[in-house]
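According to TrEMBL, the features are:
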TRANSMEM  12-32  transmembrane segment
REGION    69-100  region 'Disordered'
COMPBIAS  86-95  compositional bias 'Basic and acidic residues'
TRANSMEM  407-427  transmembrane segment
TRANSMEM  433-456  transmembrane segment
DOMAIN    435-566  domain 'SSD'
TRANSMEM  510-529  transmembrane segment
TRANSMEM  541-560  transmembrane segment
TRANSMEM  628-648  transmembrane segment
TRANSMEM  893-914  transmembrane segment
TRANSMEM  921-947  transmembrane segment
TRANSMEM  953-971  transmembrane segment
TRANSMEM  992-1011  transmembrane segment
TRANSMEM  1017-1041  transmembrane segment
REGION    1090-1111  region 'Disordered'
REGION    1126-1235  region 'Disordered'
COMPBIAS  1156-1175  compositional bias 'Low complexity'
Amino acid sequence: MAMPWLLCHHPYVVLSSVVVVVATCLVLSLTARPLPSFKDPSLGFVARGTTVSRRAVAWENLLEGSRYQGPLSVNPKGDPRLNPPRPREPEKDDGPPPVHRHKVCIEMTPNGSTVIPDCAEDMRNDSQNIGSLDDDKTAISALTIMVNNAKRRDDEGWGGEEGRREYHLQDEWQEDHHPNHPHLGDDGFFCTPVVPEYGRVILKSREARDSLLTLRHLLAICHLDDRLRSLAEFQPICETWSPGQCCPSWSLPNYVALLSNRTSCHHITQEDVVKVLRLLRRCSRHLDLQLEGGCQGPNGCSRVPKECLMHDAVYTILHYLIDAAFLNPEVPDPDHPEPFRLSEPHHKHQRQKLEQRLSFTALFLPIARGSQALPYFEALQDLDLTLDNVTVAAVDLGLKYALFDKLLLENSYLLGVGGGLVLLLMWCYTGSLFITLITITTVASALVIAYFMYIFIYEIAFFPYMNVLTTVIAVGIGADDTFVYCRVWTLAKQDKNTGTMVKLVADTFHHAAASIAVTSLTTAAAFLASCVSHITAIRCFSIFAGTVVLANLLLMLTWVPACVVVAERWGASTCCLCVPPAPVYAPQLPPRCSVLCALPLRLCYFCSESARVFFEKVLPWVVVKLRYLWVVALGSLAVCSALVVFYYPGLQLPDSQEFQLFSRDHVFEQYDLEYKYKFWFERNLRTDIVNRLPVRVVWGIQAVDNGDHLNPASKGSLVFDKEFDIAHPESQEWLRGFCRQLRNQSFYMPTLGPLLPNCFIDTFKLWMEGRKCQDLINGVNRYPCCKDSAFPYPRWVFDECIHEGIQALYQTPREYFIPGVAGPKFSRDSGKVVAMVVEYDSNTLWSLSYTAMQTFFVKVESWVEAQMKEAPYGMRGGWFTSSLEFYDVQHSLSVGTGVAVAVAVGVSLAVLVLTTLNVVVSLLAVLSVGAVIMVTLAALVLLGWRLNVLESVTVSVAIGLAVDLTLHYGVAYRLSPERDREAAVSWAMGRMGSPVFMAAATSLAAGAAMLPANVLAYVHIGTFLTVLTTVSYVYATLFYLPLLRIFGPESGCGQLSCPKLCLCSCCVTSSQQHVDKTVYQQAYMSESTLSTSSTSCPPPQTHPSSDTHELEPLTAMRLAGRVRLGHGPTRHKVGQAEAAAPPEGVANHVAPHPEAGASSGIGRAGRSGSLSSSVGRRDRKKFIPRKVSLPSPGEAVSEGGEPSPRHSVAPASSATTILYSEPDTDYGQQNHHPQDSGVVLGVPALEAGAVVA
């Protein structure tokens, strides 16, 4: 009673405390930390904590640690920190500094090696050239000179990633920043060579059998190019070759015109097209499209015919403009590990025709990819992009994330639309705008508190954009809990035992808290169960969503009850906001209220009457009488849904590693999902697609991820394996055998040429065996780093010679050695080998296929683990890694989602058992929830959903939301005073029928409002809520309740007992149940109970039936409660009875009445779910009328005993009422006689025992 007493007597203290807490959380959240940014919405969609992810993070840390600032060195002899430069001798004034002319450089040419004397002099000249740059030159120009020199001299070891990085730096610096300067390329047609940094569109024929390499289609592409460039937004962002003249687009028709010496693509002929097609067929066999420029090595293009190199046109067409399968149908598809074929031709001519079919082509626009192209794209959406059977299929302007940020804010109005629909439904149900606004405030406050705890208490730095979707879910949950609380509040007001506000709040709090707590805890548990997932975004979402549910529960037990108490005290005098919708009140309203409220009130009254008939008459008959039909039909549907989810077509894993932000038919998503890796230039940007999967085995580094798994930017640090020891002779011998066995495995891909860095122990052994111990030139003794040392080498020999061996390896020409990731890694502190990598190529292509990647991983992993078990002690810490990040995400989604579902269902069952203490009710609820999840997932599978990250989140949300509606019925069934199943089911439906329906209606409205959105996340959450709410309501009402009617417990079957409750029950010595009768002896009664004194509106002139309809919405309940008061003619009859009937007559008249009244009340209570129905049913006692003094309605006494100025009404003559109560045996009063005088009033909350004379 402490909390109800506090809520009743000090509601403003509770409200003030909540306001202070929420305001503090809001201010700190807005000021103390920066608000989350969603510029990269793909952050967090990676797995952390798995075997593959731990190794991937350790591998990234190893690569990072091998950089210049890291703790590791790959070439200790060339590391300036391990070998500081010697102090230079001062230069003499009489001449240039001496040059070490004995140093030479060896350049590899096709005719053999060439010795370049005075290499040091050339290097010094390069340095002088760099130092003598003009003032307008920058460091980028210096890097350009160094790159050009490195192309003709390999002594510096330029290549690999470093060379490519300098090349990109040069490209970026040479961008034209002066658009008014006329410039064209060497071909005189295009401005610059095409690069992937330009925006592009993908064009295809609307007929699948047509080829775009025909005159008709090329002319259509040429006209479409003009249409794309005709927009006013194109001119400001295009690259120009003269003032006001944009550069030509890089398109297939323009290159046909270039090769045919045409000035424009509009002038090409059929002969030109045939000529270019022949040229492409002849040159395609000479160019390697996997290489930059199409040639191997600096002199590789010497073997290519000259016409194939003209203007670099053939390479540009094959590499950038046409799909990879053109003229080469054996090109492997990244979506599948095996090569794809357009079809299986049966004739040589048919095969040749298929090879010459161009399915789609790319058109590069002279605009840079980036957010500056957003206005152009918005204007492009209004154009007709189809011409003569050629249409734009996809677009990539580099603004996918920028458009997402823009649409994420623009589509947020749909959240307001959904919230408005929910608000309207709540207003119609509760009949109080104040309570409706309080509910919305509760949801917003719960979000604020959850965000504060997420940032400051949990200290999670990463806030994924999916957490925003919690707003939609929170609105549905908050409305659901409000409906339940208001429903129980109304039933408690009609209970005969409710005499004071404290008792009213206590009864409501006792009954509503159980249902709200059970549903909130199970929903929170379902959300938090997703923390078992290894996907960072899913874990963050589950933590935030679970915290929102718990915060909402806290507010529902504090903020909402206090607001309801305040509304009961002060809100009833505001006619237009709180008067129940009834036509009898409309004519009585003040003029300013009647015009505004008459029509809405009549509409609400019609809806409430229809709902009353439905929930009281129709739905119970449908559920109870047709129970077997519903169980069989819906159970069969659940079984069929399970087949759809697990068998065919099945819940498919994602088929693209591109993060999807919009619907699949959006032009941006079409490029990423369908066309991106169909072109060579995109495939070459992804080395894991072009190349085969590497087999990397790492030693010396522990495969641990000690970073923050809830922060994608936190990768932790390197953790070295102290047991690693490659210098031991046994380890050297074992490593050599390990590399030999690896090359004999079925997954190994033989590679032509020397494999110098792959297994360094072989290269090191060959270097030692081929090195003479005496240098013939300078007479230096090289022992022990020479052929006189026998393999395996002693530790001191290995430590001394490994540095020289690696230095010699790095001095190898670039044609034979490109510095990579394989080989030993040295500590920059000690110079010893602390890590090592062995790497070979596998015969497995990278694929999006989960099965193919899993087969590769399991095969290599099992072999490596078997080898590690047989390794020496210092080599047992090795582990295998490869390009398996996307496979790890697929595996985490596949396994983690199932685990999350199992954990959520298990936790929900545990919470159910602990709260209901009934095993049967809990098991049937879990069965119903499982059926809801199966049917929902089956519907989503049939809608084309795949188990991506966002979809995996919705599965967890499905568990949390599917539990709510079912548990409301389960808790009501458990609290039912009825002992037989049918009566208990009817009692539960009468008690929770309308709140459950309204909860489903609000969630359905919130979900439907999100369907018109452009952002995929909004569309998915809207679709999901719509499907889930519909399925959940149908199964909760038509499946779970019939199950309870058939298998539900009765007479305490399956009921558990709490030891504490048993102990308390044993302490009760009286055999009769204690009844709190102090509520009848108060000096006053609450105006909320005596609703006649709490309205300023005139009484209605009609007098409807006094039957109670608890199954109807709250507005109808308030109507019935108010109309049953002693108004008008009824009060006049009461006055006549008081004047005519003597005191003895009153006693004699009312003595037999309570028995009949109790019997009639029992029937109504048993049907409607009244809170006190159990009293009349279990204890048929003789009720005795009791006269209780009540304040005059004209005095309008408030709860604290002070007059309420806002509740003054017209004075009435009655001051007392006769109430029926049980014999006062508990207080030693064996006989009770009513007083001789008093006036009997009809009190709606006590009508079962009231007497109206």
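Placed from the backbone N, Cα and C atoms, the Cβ positions cover glycine too.
Curation plays no part in TrEMBL annotations; they are all automatic predictions.
Secondary structure of the domain 'SSD' (435-566) per DSSP (helix as H, G, I; strand as E, B; remaining residues coil): 113 helix, 1 strand, 18 coil. Here the listed stretches are 12-32, 921-947, 992-1011, and the one with the most C-beta pairs under 8 angstroms to the transmembrane segment (953-971) is 921-947.
Counted over residue pairs 6 or more apart, the CB atoms of the transmembrane segment (921-947) and the transmembrane segment (407-427) come under 8 Å in fewer than three pairs, which marks the two as apart. Between the transmembrane segment (433-456) and the transmembrane segment (628-648), fewer than three CB pairs separated by 6 or more residues in sequence fall under 8 Å, so the two stretches do not touch. Remark: the transmembrane segment (510-529) contacts the transmembrane segment (541-560), by the rule of 3 or more CB pairs under 8 A. Counted over residue pairs 6 or more apart, the CB atoms of the transmembrane segment (12-32) and the transmembrane segment (628-648) come under 8 Å in fewer than three pairs, which marks the two as apart. Proximity of distant same-chain residues to the transmembrane segment (407-427), defined by a Cβ-Cβ separation under 8 Å and at least 6 residues beyond the stretch ends, is recorded for 38, 433, 435-437, 439-440, 465, 468, 471-472, 475-476, 479, 482-483, 998, 1001-1002, 1005-1010, 1012-1015, 1018. Packing against the transmembrane segment (1017-1041) from elsewhere in the chain are residues 411, 414, 465-466, 469, 472-473, 476, 619, 622-623, 627, 630-631, 634-635, 661, 663, 924-925, 928, 931-932, 935-936, 939-940, 943, 945, 950-951, 954, 957-958, 961-962, 964-966, 968-970, 985, 988-989, 996-997, 1000, 1003-1004, 1006-1011: each is 6 or more residues past its ends and has a CB under 8 Å from a CB in it. Confidence over the domain 'SSD' (435-566), given as mean pLDDT on the 0 to 100 scale, stands at 86.
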